[in-house]
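*Asks:* This is the structure I want to talk about, given as structure tokens.
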Amino acid sequence: MNSIKATKGLLALSQQDDLMDLTSNYPLSASEDEGDSDGERKHQKLLEAIGSLSGKNRWKLPERSEAGLKVSEFNVSSEGSGEKLALSDLLGPLKPSSSLAAVKKQLSRVKSKKTLELPLHKREVEQIHREVAFSKTSQTLSKWDSVVQKNREAEQLVFPLEKEPSSFAPMEHVFREWKARTPLEQEVFNLLHKNKQPVTDPLLTPVEKASLKAMSLEEAKIRRAELQRARALQSYYEARARRMKKIKSKKYHKIVKKGKAKKALKDFEQLRKVDPDAALEELEKMEKARMMERMSLKHQNSGKWAKSKAIMAKYDLEARQAMQEQLAKNKELTQKLQVVSESEEEGGADEEEALVPDIVNEVQKTADGPNPWMLRSCSRDAKENEIQADSEQLPESAAHEFPENEENDKPVAEEDELLKELEKRRSLRKRSELNQAAEPLGNQETKDSTSQEVLSELRALSKKLSKENHLSKKQKKSPAKAVDLVWEEEPAPEEDEPLLLQRPERMRTLEELEELGKEDSLPNKERPRPSVEGEQVRRNPQNHSKGKNKKEQMISLQNLLTTRTPSVTSLALPTTVEELEDEGARDQKQMIKEAFAGDDVIKEFLKEKREAIQANKPKAVDLTLPGWGEWGGMNLKPSARKRRRFLIKAPEGPPRKDKNLPNVIISEKRNIHAAAHQVRVLPYPFTHHQQFERTIQNPIGSTWNTQRAFQKLTAPKVVTKPGHIIKPITAEDVDCRSSPRSDVPVMQSNPKQHSKHQKQRKKSSIG
């Protein structure tokens, strides 16, 4: 069967070959070309059928080819087998023949015809155009990046940015082209030219120009140094005058005025010695000015100007000073000139020195440190003692001049007795000081205390003497008045209190003053103390026993800081120091109660807090409407049941911040005015919120900063000069350089978009 099939196939193949020969010998048409393609397909099927005749696949034996000298048509070399066959290679042998011109035209027509690509979508085309336009505009705008960055980082911008060159042209160049136009200007210039006057005001005169040309470099340097020195001295004198003008001390101005008067007198004396005639003329001028001032009263603040200044003197400091200067000038002019000799000046100086007593100098030497309060009190006591001493040492001539002092013989005897008592007390105190040597007090403090004791005793004695003399005179004149009251300070007992705890003065009658001598004669006897002191002893007996041994001390910083505030029970009784803490707290509470007795501050505060809490609470919504489901009208209220039904309770809000703070009210309302000044976005120069907060926390007011720093902090960001035209900036004004972003091409800046376009083009071409 297989052989029969094979023979049939061979017969069919042979017939097909014959047909192929016929077709090759005759020209082919278009229909014949289609049939030829079908024959090739059939021939291919025949070969496949022949290959499948044997069920077994034959082994292909390897063939070996060797190079030989003879080349036959059956042995073709395989050179260039890897290269592709081009259409030009096939058309090469057909060129000389003209019969194949039509075939050549057909082939060239087929070669020239190509498939056209599909056009892009309209949106894609517009996107590409936008990218190209963006690249061009970004390249042009990037030239201004440096300028914009510089203007943003600048602390202050001053427009116009172009600064006009400041050139100082001399007046000759300015008026060179100017001409007189009006008839008045022409007449003025004609007069100037006729008289050969300079029309302009040159900086340097011809003489100065000649001197500059004649001056050498060294002379110019010396001249400049002299001018600099003169300017410096002038500035020093001006600063000194300003400082002296600001001094408000009356004593200083009095001394300056005295010095000026003395200097004027000395100059006048010198002028009188040198030129008597000129001195007489000067004296006549001064006397004439004094007379004119006394007649006219020009500087007595009685004119229109002075009255207008007097109205504003209460508010204006300059007006007040002007009025004072007027009065001072009036006093100076109306004062008669008195020439004081040198002997009188020396005598006046001696008198001033004699006014200072010796005891004041002694106290100043013994005083520890510059304590002006103690020195002032010492000087006051010393002056009183000095007056008493002067009254004792009056000469006989003074006694004759004052016959009224003849009655003072009796008080002098009493004074001697008091001085003796003073000596006794001083000796007793010295002994007590020797016994109390173990106390932690320095030698200097003891000296100060003794000096203070002496001064206080002298003061008390002098007061006693003067008041007793005064009372004795009054008793002689009016003996019926026996209850006159005088101010008198209690004499210091043995247990001297500190200066801070001294008792105030109180009134004493004449009977008490008569018994004063008896009490002074018994220094060791204890006097009855007030009732408050007894209560203090009962409360704290230990402190009272210690206080007996203490003596009068100066002000000490440690004692002042450690002592508590005393509780004053009565103004006429001595103050007591409460050492118990509960007593001090009770007194403080009592004082606060007395201060706020009429005002119930706590209740008002609690009421205000309750109102604030109620105002901030979420309120319920009442949806009841009158007339719905029941009668409505005037004076008809909806029932409570209906209200409860239509009442929507609001949810409770978060707890208040001041819930556990009874003494504080914290407002939780949002302040709209403050919210307008809050910043939601971080400003440009700052990179972190802490930097911005730190700058906001710093104060910029003039209270906390210097004037220069305040002006710098509050300087405006942009300043425009008035009257100047602000023109737009151009590329010629600024050296603009393009930034690196413009160098990147458009397609490179977005490669994904570019690849997307390429894929779409390929798909369209394949389709």
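Even glycines carry a Cβ here, placed using N, Cα and C.
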*Asks:* May I ask you to name which of SER31, SER138, SER249 Swiss-Prot has annotated as phosphoserine?
*Replies:* SER31
*Asks:* Which residue does Swiss-Prot record as phosphoserine, given the choices SER37, SER755?
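*Replies:* Per Swiss-Prot, phosphoserine applies to SER37.
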*Asks:* For the candidates ARG181, ARG586, ARG641, ARG694, I need the one that Swiss-Prot annotates as citrulline.
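*Replies:* Record annotation (Swiss-Prot, citrulline): ARG586.
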*Asks:* Which residue does Swiss-Prot record as phosphoserine, given the choices SER29, SER112, SER391, SER466?
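*Replies:* Among SER29, SER112, SER391, SER466, the one Swiss-Prot marks as phosphoserine is SER29.
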*Asks:* Note down the number of other Cβ atoms within 10 Å of the Cβ of ARG586 (citrulline), including every protein chain shown.
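*Replies:* So the number of other Cβ atoms within 10 Å of ARG586 (citrulline) is 13.
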*Asks:* For the coiled coil (317-346), provide the mean pLDDT of the predicted model.
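*Replies:* Average per-residue pLDDT within the coiled coil (317-346): 66.
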